[in-house]
Structure formats: C-alpha cells, structure tokens
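Annotated features in Swiss-Prot:
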ACT_SITE  S149  active site, proton donor
ACT_SITE  Y163  active site, proton donor
ACT_SITE  Y163  active site, proton acceptor
ACT_SITE  K167  active site, lowers pKa of active site Tyr
ACT_SITE  Y467  active site, proton acceptor
BINDING   I13, K52, N98, K131, Y163, K167  NADP(+) binding site
BINDING   H699, G700, K729, Y757, D808, N810, G831, F856, T857, G858  (3R)-3-hydroxydecanoyl-CoA binding site
DOMAIN    782-893  domain 'MaoC-like'
REGION    5-228  region 'Short-chain dehydrogenase like 1'
REGION    600-633  region 'Disordered'
Amino acid sequence: MSPVDFKDKVVIITGAGGGLGKYYSLEFAKLGAKVVVNDLGGALNGQGGNSKAADVVVDEIVKNGGVAVADYNNVLDGDKIVETAVKNFGTVHVIINNAGILRDASMKKMTEKDYKLVIDVHLNGAFAVTKAAWPYFQKQKYGRIVNTSSPAGLYGNFGQANYASAKSALLGFAETLAKEGAKYNIKANAIAPLARSRMTESILPPPMLEKLGPEKVAPLVLYLSSAENELTGQFFEVAAGFYAQIRWERSGGVLFKPDQSFTAEVVAKRFSEILDYDDSRKPEYLKNQYPFMLNDYATLTNEARKLPANDASGAPTVSLKDKVVLITGAGAGLGKEYAKWFAKYGAKVVVNDFKDATKTVDEIKAAGGEAWPDQHDVAKDSEAIIKNVIDKYGTIDILVNNAGILRDRSFAKMSKQEWDSVQQVHLIGTFNLSRLAWPYFVEKQFGRIINITSTSGIYGNFGQANYSSSKAGILGLSKTMAIEGAKNNIKVNIVAPHAETAMTLTIFREQDKNLYHADQVAPLLVYLGTDDVPVTGETFEIGGGWIGNTRWQRAKGAVSHDEHTTVEFIKEHLNEITDFTTDTENPKSTTESSMAILSAVGGDDDDDDEDEEEDEGDEEEDEEDEEEDDPVWRFDDRDVILYNIALGATTKQLKYVYENDSDFQVIPTFGHLITFNSGKSQNSFAKLLRNFNPMLLLHGEHYLKVHSWPPPTEGEIKTTFEPIATTPKGTNVVIVHGSKSVDNKSGELIYSNEATYFIRNCQADNKVYADRPAFATNQFLAPKRAPDYQVDVPVSEDLAALYRLSGDRNPLHIDPNFAKGAKFPKPILHGMCTYGLSAKALIDKFGMFNEIKARFTGIVFPGETLRVLAWKESDDTIVFQTHVVDRGTIAINNAAIKLVGDKAKI
C-alpha cells in the first residue's frame, strides 16, 4: 500500500497557531505539503491579534526541513489568506477550516454580539476562505475541504448556542460544497473532534485532556485531505484514537391521509410511532433510511392518498386555548397556514411578516379566531416584534420561527451579500427572537419553540450554500436551547417541511404541484406547541401526509492504541470507520457520545502481555497485609422507610411507609446501600490497581440479587467484598467488584451485588477472580418494537437532597459549585437513585423481582421526568430502558429484572 503524501500540494490551515491547527500544519509539512499557517493570534474569546503564534509554527516547520509561510489575516478576509497561498506557491489544493473562538453564555445572558462574533469566525470565515479558493479548485479540477465541527454542533451543548449553531452550520455547508464540487473533483467533509486545545483546556479536566491530544485527530484530517480520499459530504467523530463516521438516520415514520381528517389529534395519537425506528413490519416505502437528500415524497403522498380517513378515536384532546403564539413569516405560505391552524385550536396569534400581515389576521378573525398583526423584519427588528407581542397580550407562550428568504446561486457565483442576507433572516433572526422570548418562558416555567429548518439544511443542496448552512445552524441552536430549557419546561423542536409555497414554487416539478399543501404540515406544529408534547430537541421531516423523525447514527468505528497513529491507519481501517452493519449507536448528547467513545477507546483486547510487569510474588504479599474487618451495617424500619420514600413511595402505599402495616417491605434495590456505607468497598479493590484515582471512577453497570425472600426490613448485615474481574482497556481498567451480604447472626446470604466500574488512567492485571451469574452478563438489548408498558416518573427538584440521606453523600449531587467543577451545569441525580426509581416503577406494574441488572448510559438532573419502557421477554424476565423525557436521552439501558413470581402481570 503506497504511503499518503502531499508533495507539491498547497494547504491552507486557519487557526493554526496552536492546538489542532498547529499539529495539522506540522504533519502536513512532514508529508511534503507547502503550508499556509494562518493565525490572527488573538485570545480565545477573539480579542486582539499577534503574529507570533503563526511565526513560531512556520519556524518549526522550516527548521525541520519543511516549507511554510505565515499568514496573519482575519478569516473574514479569506481572499487575503488565499492570496498569500497563491503569491507564495501559485495555487491552493486543500483548505482546513479550523479557526475558532468561544464566547460561552446561557441563552438568558448571551448577546447578539457574542452570537454573531462566534458565527463570524467559525462559519463566515470558512465561507470567505473557501469562496476565495473555489476558482482555483475548479480550474485545476482538484480540491479538498475539511470543516471542523464539534460534538456541540452535532448534539447541542449547554451555554453554547452560538458555538453549536456555527458548528452545525458547517455540516450543512460541507454537504452543499460536496454536491456542487462533485464534477470538479472537489471533496468536502467535516469532522467533529474532541481534542486538547486552547478551547477544551478551559472546560475539560486534566486527566481527560491527556487522552485528547491533537495527534489523535490529525490522521483523519490528513486522509480526508489526500488525493486518495474518495469520500465527500460525510461527517466523522474523532477523539482519543477513536474514528467513526456519523450519518443521518430517518425513521420510516407514519402516513396520514392528507385530507380534513389530518388533525393535531391524530398526530398526538400516533406520535410515538413517528419516533419508532422498528421498521420490521413496514412496507418498503416506510423503511428506515440513511439519506443524503429529501424523502421520496411522490411515492409517500401517493400512498397516503390511498388511505382511509384518519381515525381519531381514542385520540387525546389538543387545545391551545389562550396560549399566545408568535409566528414569523406568516403573511403567506406555510406561515399563514400555521397561523390559521394555531388560531383554530384556540391560540391568540401574532402574525408577523415584513410585508402587510393583515390579510392573514382578517381570515383568522373571520373564522372566529383571535389574531394581531406585526409588520417587522425578523432580520433587524426582533426587539420590536417581541415588544409588539407583549404590549398586546402581556406574555408569549409559543414561538414559531418560520420566516425565510431564498437567494439561490451556485457557490462560485454567490456573493457575500447573498450569503449574509439569508443568514441574517434564518439564523440570526431565529436566535434573536428566541433569546428575547426566553425570559418570559423562564418566568412562567413554560415555553415552546418550533424552529423551521429544511431538508437542504439537513442534507445540503446544490446552489444553496447560504440557505443550507443557515438551516443546518438552526439544528445546533435548537438542540442547545432544548438542553438549556429543560429545567424550565421550555421545549424546542425542529421541523423540516416539504410544501409548496410562493418561496419554494420554483423547485417543484410541474407534476408535483398542488400535491404538497402547507396545511399538511400544520397539524404537527400545533401538537409540538402543546403542554403535553413529550419530546424536546427532536428533528422531524414532514410533507404530503408523511411525518418522520431524523437522528444521528454512528458507526462502530475503529480504535488506534498506537502512541503515534499514522494516516496509514485511517487508510487501512477505512472500511471499519465507515461500517454501519453492526454495533451502531444513536447518541443524542455530548455526554452520551463521549462516554461511548471513552468506552470504545478502552476496548483494547490486544494489549501485550509484556506490559504486565507485576511480580508473581505480589499476590502472596498482599495476602499477608493486615485486612480490615468486614463491615457490619445496622438498619431498621426508619432506614427502610426513608429509602422507599426517596423512590416515590407515598401514604397511599402503606406497605412501603408504615412499619406496622402487615405487608411492610423494602424495595429490593435497598440491598446495594451497603456499598455506600462502607469504606472497605473501595479499599478492597484499590489494591489491585496501579495509579488508582477515585476521582476517575465511573459506575458503568450494577447487578443485584436478593437471595433471602422477602428481604429483611431491619437487622445487621455483614458484607464481604471481593474482586470478580479486572480487565485492562488500553490505559484504563474495567473492574467488576462483587459483594456478599449475610445476616450477621445466622450467616444466611441476603444480598449479592456486582458493580462494574470504568476507571481511567490506571493499570491492573488481566485477571478473572470469580464466575459471574448469567443474568449479570446478559446484554439485555431492548427489542425493536413498541414497549409492552411505559410509565413516566417525575423527579423532584429536591430528590437528591433526600436520597443522599440513605448513604451516598457525594457532593456532586447537592453542591452546585462541586457540580460545576465536574463540568455539569448543576448537581446531577445519583445513578443508583435512577436505578431505584426505575425498579419501583417496574414493581408497581409487574410485581416483585429478585434480580436486577442495568447499565448507566446518561445523567439525570433533579426536576426532570424519567420514562421507563418495559418489554416482556419471557414469563419471568422484563427488559427495560429508562429515558430522560426532557432531553430525549437514555439514562439506563441494557437492563432487566427477574420476577419472583412465575409470570409477569401484564
């Protein structure tokens, strides 16, 4: 296999004075490239300028025998950066859009200035540089572009509405460039790296930063920039030696008859089906897809029109009575239909349009509804728009950001004015109106935002670089607002409509006209504006009677544990990096994604035996060490009642809260508490680890078995702890730690526990100490069908304060400052509390169990709502998941209970 090289290739790297950009520059130069090292040299927040950063990198390249030139221009002056390349080297072949700054702030505090500054550097700078290089790419029939996105761009991130917007916009930009560049051999891709840089050093703990060197990211960038790369329009997640493609997955969705029976009520009735990715019983046209373009709406609407009228029997009531809704761009087209529908469901509608909106208002009033006109331009009059709403109705409940313009043009011919004007309406306008409505939502603890994107934003589209990037930016913005709004009951969702309007008329074929009416989109929007909408941060595609959900799907990927990963590793493992046939994941948050990546990176089954240098005699020496006495835990009915109440028991369930009840009992997960009431628990396995730091421990799974039924409600329990297995995972260790708890007087075995911990930055021997029960090792994958049972479990804002009294006093769960130090916006709920809440919900439905196993896959904040989904897999086994309704994440997965009785009560 011939090595990848960049001989005679000219590479521009923006933001190359440090971090990722610096490392890229050095590596490109080593492989023969002529490098333009661009860096303004400013501070991380974008202030100032200093040429030294770029000069230092160039000096190092030249010292090592490479060729490079420094460039000190702002990325907004992209033509000057390209001019530097052309003057020195004659052309440009590769652009790495890497420059970036941070201006983090919550939605409540973020200013338009902070928002636009980040958009300018990340997105508009990428546009300026790429636009200036495009003619050279076209002329030489060769170009490579790598846009630097981020996990925040994929999933949103608290306090980063600006950054997430820009980073997701770069995805849509890359997709459109890929489509337009195809005939010129111009390949455009995007990466979402988690790497050590000036930016991440300020937000990640040092132990994690050690794993996130730029040397782990560069090999992928080098490959995507090479002549050998044939991939284009693709996205990749990369961190710590993990490389995987991530792509869009679209659910088969639901077809509705597109007639008068298509209402918000029938959408509400079948809403869970829209989100269901089990397509095993669906026809071919409703199978899940992994698309690069909009759906086959011609087939979908044709099939939808064959259906009988929609059945609304049993559908929930949908009402927006007295809700105040602002709909932008509602003077005509989609917005007008939305306004009429919201009014029909009882809302007070403020009809915004930069033209006269009175016609829509008059139609609403004529139909018996209430409406008020607003004639302002969302691009520049956002404050006046919100003021008009408040002056008229005193508040705002729902915001539909619908206003839009098109300025379609091929990228080669697109002007900066055409780029800016589309961005100002779609992206800046959406941010500003959301920002200004936010305080009213927070004050009343209710808000609904529906942001209108486009399939051009999700998949890119020829001739729409401006539109697709802005609409893609709305995705990251919306997901961030959904995360931030969760604690205040502010829900934000995204809709990509396919409908015929005056603005979109030119893109429809003649035979498609009059098939995709705007009123076929409105039923979904009405439901998304209601009190009862169960999701936030979700993306929907809709048109012609079809509604589907769109999410990320990530390949299993490839992992390199080499200290110096080369571009050849990417080349040799490209099939694995882009393989979606097995072990795919659907991450929905930066936490979920990074935890899965961390776990994957740990999975090095090929560690050399020679790394294990412990003397065999150490084991014997350990046995001679003085041992702590096995702890004895004394508990009574007070401890039992306190624990039961923390898991939701009430006075309507006396068996849990009244010690004199004839059926007084404890929820079985009580049996894990001994591990938090004994110092020996951790001490007993710490001696097996080298360089162990308890701050780097993650509780990954927990298995518990009740051996004596029913479990006692008072007594003395003596517990012995023992390791079950230690498994090195690269520079990390997975340890399975066991305990057995017996009655201190009779010696009868009461409980056994197995806790699986993932511990970073330590070493251990690869050793199995004891066998494990089959139930503990079963993966318990959730079936690809609708659950047999589901129930929502509200989590009190104060639950962590109560639950910690049972033993787990970790300040992470109560102290805001400690939580911030751990990079959480506020204290998180105990994982074992989520475990117990789920267990009680299952007991209430199915009856008691004596075995439970679960994997922790996400965090829960007090005040959120859990949704426990359960599947009956056999007479005595119930598989379950626990979701966080507010953020659309999964907190517990790969979980099951084994019932005490013979059969499940279902």
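Quick reminder: no glycine exception, Cβ is built from N, Cα and C everywhere.
The sparsest Cβ neighbourhood within 10 Å, among the listed recorded positions (Y163, T857), is found at T857.
The binding-site residues examined here are K52, K729; by Cβ neighbour count within 10 Å, the least packed of them is K52. Confidence for the region 'Short-chain dehydrogenase like 1' (5-228), expressed as mean pLDDT, is 90. A gap of 37 Å separates the Cα atoms of N98 (NADP(+) binding site) and G831 ((3R)-3-hydroxydecanoyl-CoA binding site). Taking Cα separation as the measure, K729 ((3R)-3-hydroxydecanoyl-CoA binding site) is nearest to S149 of the active-site residues S149, K167, Y467. Calculated from their C-alpha atoms, the gap between Y467 (active site, proton acceptor) and I13 (NADP(+) binding site) amounts to 25 Å.
Closest to S149 (active site, proton donor) by Cα-Cα distance, out of the binding-site residues K131, H699, G831, is K131.
Within the set of binding-site residues I13, K131, D808, the entry lying nearest in space to Y163 (active site, proton donor) is I13 (CA atoms). Rounded to the nearest whole angstrom, the C-alpha distance between I13 (NADP(+) binding site) and K167 (active site, lowers pKa of active site Tyr) is 17.
The two recorded residues, D808 ((3R)-3-hydroxydecanoyl-CoA binding site) and K131 (NADP(+) binding site), have Cα atoms 56 Å apart. Of the listed recorded positions, namely K131, K167, the sparsest Cβ surroundings within 10 Å are found at K131.
Under the DSSP three-state reduction, I13 (NADP(+) binding site) is assigned to strand. Separating the Cα atoms of K52 (NADP(+) binding site) and the residue listed as 'active site, lowers pKa of active site Tyr' is a whole-number distance of 27 Å. Annotation for H699 ((3R)-3-hydroxydecanoyl-CoA binding site): spatial neighbours A755, T756, Y757, G831, M832, F856, criterion Cβ-Cβ under 8 Å with sequence separation of six or more.
Taking every protein chain shown into account, I13, N98, S149, Y467, D808 are the recorded positions, and of these the Cβ with the most other Cβ atoms within 10 Å belongs to I13. Among H699, G700, K729, Y757, D808, N810, G831, F856, T857, G858, the residues given in the record as binding (3R)-3-hydroxydecanoyl-CoA, the maximal Cα to Cα distance rounds to 28 Å.
Taken residue by residue, the domain 'MaoC-like' (782-893) breaks down under DSSP into 33 helix, 35 strand, 44 coil.
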